[in-house]
Each structure stands twice: as C-alpha cells, then as structure tokens.
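Some features that Swiss-Prot has for this protein:
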type    : residues           : note
REGION  : 1-92               : region 'Domain I, interacts with DnaA modulators'
REGION  : 93-109             : region 'Domain II'
REGION  : 110-326            : region 'Domain III, AAA+ region'
BINDING : 154, 156, 157, 158 : ATP binding site
REGION  : 327-446            : region 'Domain IV, binds dsDNA'
C-alpha cells in the first residue's frame, strides 16, 4: 500500500462485506486512518461513543482483516478528533517534489478532511466567527491579524481553524500552513531546549504563512513558553503572516497570561461562538445525517435537538447513539426509540424540565396537530387555537422569554405570545371543556 489511507480504504471495503449494512454505516464508514507507528494502527472515530463501541466490538475483526491484507499483525487503537489534534502524525514519506519544500509543511492529514467551510453549519451563535474566518482564509494577514476565536467545548472553533487551513492550501498549494495545539507547542519547545534544538524549533514556527494554534489558554502559567510564543507571534506579525488563535475564553479572562501577549491577541479581531439555537441544532443533525447517508425522521431530529443543547459534539454523538441502538435492536427509528437510546445520557434524577418542544408535542397529541404546524403560518382555527394553548403553557411552564417562545413558534412576535397568554387565561376561567383539555395536557407533561 502506498500510504495508510489506501490501506484503511482497502480494509473498509473488506469489512463492508463482513458486517451488516446498518453496522457498517453506523460504525465503520465514518472512520479514518490516523497513523501507523510500530505496528499500531490508529483509527479516528467520530465521537467517544463510537470509539468505545469500536474498541469493544470490532478490534479483533479489523485486526484480522488487516492481517489478510498485509500479512502483518497490527494492533488497533481508536481515538477521537479532539485527541487527534493534539498528537503528531507519522506518515510514510511523500514522494519528493522539487517545486515545493515540504520541510516546513504540516502533513495534509493533520487538517481534518471533514472540517471545511462547506461542512460548517452556520447559525446565529457562530455567524460572525464564520464570516471572520472566511475573510481571513480569503486574504491571510490582510483582513484580521490575529483572529482570536473563543467559546465553549465542542462549538466549532477547531472546525473553523481547520477550514481556514484547507481553504488557504486549496487556493495556494505552496502556502506553509501549520495547525497545532498550544500543548503541542509547549511540549515541542521543552524538547527543543532539552535536545539543544531551539534554533530548529524557532525556524519551524517562524517561517510559516499561516499559524493556527488551538486552545491557547493552556499557555497560562507557562512563563518560558509564553516568552517563546511572544517572539514567534512578533516574528510572524512583522512578516505579515496570518495568526489564528482559539481559546475557551477571551484574552482578558485567561489567568496568568502576560499583559504583552494579551495585548497582542487584542490587536486583531476577537469573536466568540455560543451554543447553537434549536434551529441550528436541527440543521447540524440534518447535515450530519446526510453526510453519513442516514434516513432520520424529522421528529427524531427535533427530539434530539431539544434534549441536547450543550454543544455540537454531544449533539452528533447522540444522533449516532440513536442510530446504533436502532441497528442493535433491529427497529425503525422514531421518537420513542430515541428517548430509550438516550435515557442514560439525559439525567432523570433532577426534576423534569419541561421544554417548549414537550409542550408542542403534548398539545399536538391532544388536538391532533402536527409538530411542524406550530411553526407554520396556518391560521385555521384547528391549528391557531392549539398553537395559542401551547404558547400559554410555554409561558406558564417554562422559563423562556417572550421572544424565545415566539421564536419556537415560527418566529412570531412577542406580542403574539402575550395575546395568546391573555386569551387562554381568560377562557380558562369559564370554559370547563378547555380546563379539562389543559389538565389532560399537563398530565401528559408530568
């Protein structure tokens, strides 16, 4: 085999013949080869749940398949993209190219092939960060330098950094693009001092066109590494080279960060990414399902999106978990199956938190209204009145603001929510039939 990607693709073709189609689509199709070191093949799984399942159910089969292909007994190790980003990849040496010096190039596979601008789902929480990243990719060091992206875990910071790298390389194959974590920068710096190779280290990172450095907050408290990165930053900035930095917090909130570094991080543009709203979460799930060739009912994606609102990584992991559970018990995917599949990761110990989705579903069950009709523009009484009841209950049973409730009902104005609440409140004082129906809905929600 010419390289590990070819080897793994050949292995996948063989594995596809040995397992059921749902199992292959769920567990194996989305894996990629990471590296091959000392007879250990490292495979990247899309998330922690898939990694754990592959380790416990497919390691032996994969090892046997690779033995048939290579005649070598390879150990198998699984990782997830987050840990992949922090490890150095050893690839078979590429063929020499006289027109291009690869000595300062990061191997192409260090940039996750799935993290591009095309695969990034844009929503209200990341729209500005996406626009800034695209501007930087289109004109390195001419738009915002540095670009500082911050936000919580699993919200897409690393995705945008990889997307910048891919875009730059695609439009300028000779560009020297380096992506690494601040932890890897620290470790390499320490090793360079130990091995008396400080000059080589500086040349490596001060002679690039684009430096993408992830999780810069881990430089906090590391005085010598901060000193080195300060000079690296200056060298690149003075040569008009692009610097992109990510963190879990803005520069001013990183503890024990030198003021001179903090001020340099603030030279360019600082943008944040916030957790995705409901519509964005649904769009993310749809894109993930399409990319993986999965046919997922809309009600299931709506259920998952309502239950998992923390970050994209957990959201996609929940989808894979539902698909896997469906495959294992050989049943079609629906909302009830999704609830069963996710019961272990959705805590039940605390008091039940009722969501607007829960209310819409309960009202829909009682009044025979489809979930999508609550967001639609339909004004027929058979839809409009149940919608008003759902708005009333959303105001009574959730902590959501008026604009948020309106947003969940198709982007309606907050005054519409107020009107619905006042109308239903007034009717409930005299309409016994409505009282019974609302009581029935409340029983469903308990």
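For all residues, glycine too, the Cβ spot is worked out from N, Cα and C.
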Listed in sequence order, residues not in 154, 156, 157, 158 with Cβ within 8 Å of the centre of the ATP site Cβ atoms: 151, 153, 155, 159, 160, 246, 273, 311, 312, 313
The region 'Domain IV, binds dsDNA' (327-446) - residue tally per DSSP class, helix then strand then coil: 79 helix, 0 strand, 41 coil
Reported mean pLDDT - the region 'Domain I, interacts with DnaA modulators' (1-92): 79
Among 154, 156, 157, 158 [binding-site residues], residue with fewest other Cβ within 10 Å: 154
Conformational class of residue 156 (ATP binding site) under the three-state DSSP mapping: coil
